[in-house]
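Annotated in Swiss-Prot:
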type: SIGNAL; residues: 1-18; note: signal peptide
type: CARBOHYD; residues: 88; note: N-linked glycosylation site
type: CARBOHYD; residues: 118; note: N-linked glycosylation site
type: CARBOHYD; residues: 132; note: N-linked glycosylation site
type: CARBOHYD; residues: 150; note: N-linked glycosylation site
type: COILED; residues: 165-247; note: coiled coil
type: CARBOHYD; residues: 239; note: N-linked glycosylation site
type: DOMAIN; residues: 274-494; note: domain 'Fibrinogen C-terminal'
type: DISULFID; residues: 283-312; note: disulfide bond
type: CARBOHYD; residues: 303; note: N-linked glycosylation site
type: DISULFID; residues: 432-434; note: disulfide bond
type: DISULFID; residues: 436-449; note: disulfide bond
């Protein structure tokens, strides 16, 4: 930049010197400007006006005089003077330029060196100041950076803690959401199940109401029948008394006649026929004696003269079966007392219960088998055969004992094992806090309350399903199916 300034000043000085020299040499000549360009410099000259030139008014106005040539010698002389002057000035300017270039180089170098030294000192001072300021700014920036780093580290730690806490909370939220979804699913399932149970309960309540109405009708009919039977019983009792009196009179008459006819015979000979009467303990003995027809036979309690009427099945599986229970038409009410189940009730040729006491005494004399024959309302039949069966005495509530199940009415025994005590409506010996005999009706070997009850309420066809208190054998038809008919019969194991 200093070189450019210096060169500009030099050009101005040269131009000024040339101008002054030319003006001094041209003082006597008229002034006219003439500019010359040389290199980077431009020169302006003031040229004199010629006195020998004529004025426009001195010319002849006609065309011949205007086209006539001027004075040639005078013009040539003036041009030569001007050329000489121009040549001298040019030579002088060239010398001046060379002088300026030779002499000004040293000064320009010195000026450049001085400018560089001054600039260097200034720049060094400026650089020193800048370095000091930079160092101060760097120190401040270092402090700020350390503070920022500490603050950033603290924020990163807080952010990490918040992130861990957030992850933990998110995990807890996910777990709680999953648990809520599970609970919602379970709640939906339970609600659906409750609705289904409500529907089932409504159906069952309707069915129970219908059963209740039917039972009320049946009870009314049975009450009428009972009243009629009571009347018939009174009549039969009266007739029986008359018949017994007549029989007694006839026996006395016969005895008198026998005494009159054979006065020599002793009383022992009179009752020979009675002493020769055959005693049967069960239907197997009846069968072995040659009586092989189904029917009612008189059996005698073991070690006793007490007799009982029993139905003997002489055809099923070889015969010799003593029937201890039969259900076929619902004509007999099996909701009886303990005493009635002990001695038996019903008609041996139809629905009846033979009696727990007789079965206990018979089955404790020798090993017996128990066969249970079942019928459903669709015409199907099945059976369960227990290879060993006996009852305990009344002191043990006629507890049942069974072993060795075979048959087609289920692979599992529907009579719970080990043996259960017998229960009736007035003797609750089951294993339930409820009273199974009252709930399910009938006397049976209830557990709590167990999968079977062949002495339950008798239901006719199309009313025999969904009955919890009917005649049931769970492992053949389920708990809600009431059977059409059942037969329980016993026979010695060695028959």
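Just so you know, the numbers here start at 1 and follow the chain as drawn.
Note that Cβ sites are derived from N, Cα and C of the backbone, with glycine treated the same way.
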Which of the three DSSP-derived classes (helix, strand, coil) applies to residue 132 (N-linked glycosylation site)?
helix
Measuring Cα to Cα, how many angstrom lie between residue 118 (N-linked glycosylation site) and residue 150 (N-linked glycosylation site)?
47
If you draw a 10 Å sphere around the Cβ of residue 150 (N-linked glycosylation site), how many other Cβ atoms fall inside it, taking every protein chain shown into account?
10
Distance between residue 434 (disulfide bond) and residue 283 (disulfide bond) at the Cα atoms, whole Å?
38
Residue 132 (N-linked glycosylation site) and residue 88 (N-linked glycosylation site), distance between Cα atoms, whole Å:
63
Hey, of the disulfide-bonded residues listed (312, 432, 449), which one tops the CB count within 10 A?
312
Sort residue 312 (disulfide bond) into helix, strand or coil using the DSSP assignment.
strand
Average pLDDT across the domain 'Fibrinogen C-terminal' (274-494)?
92
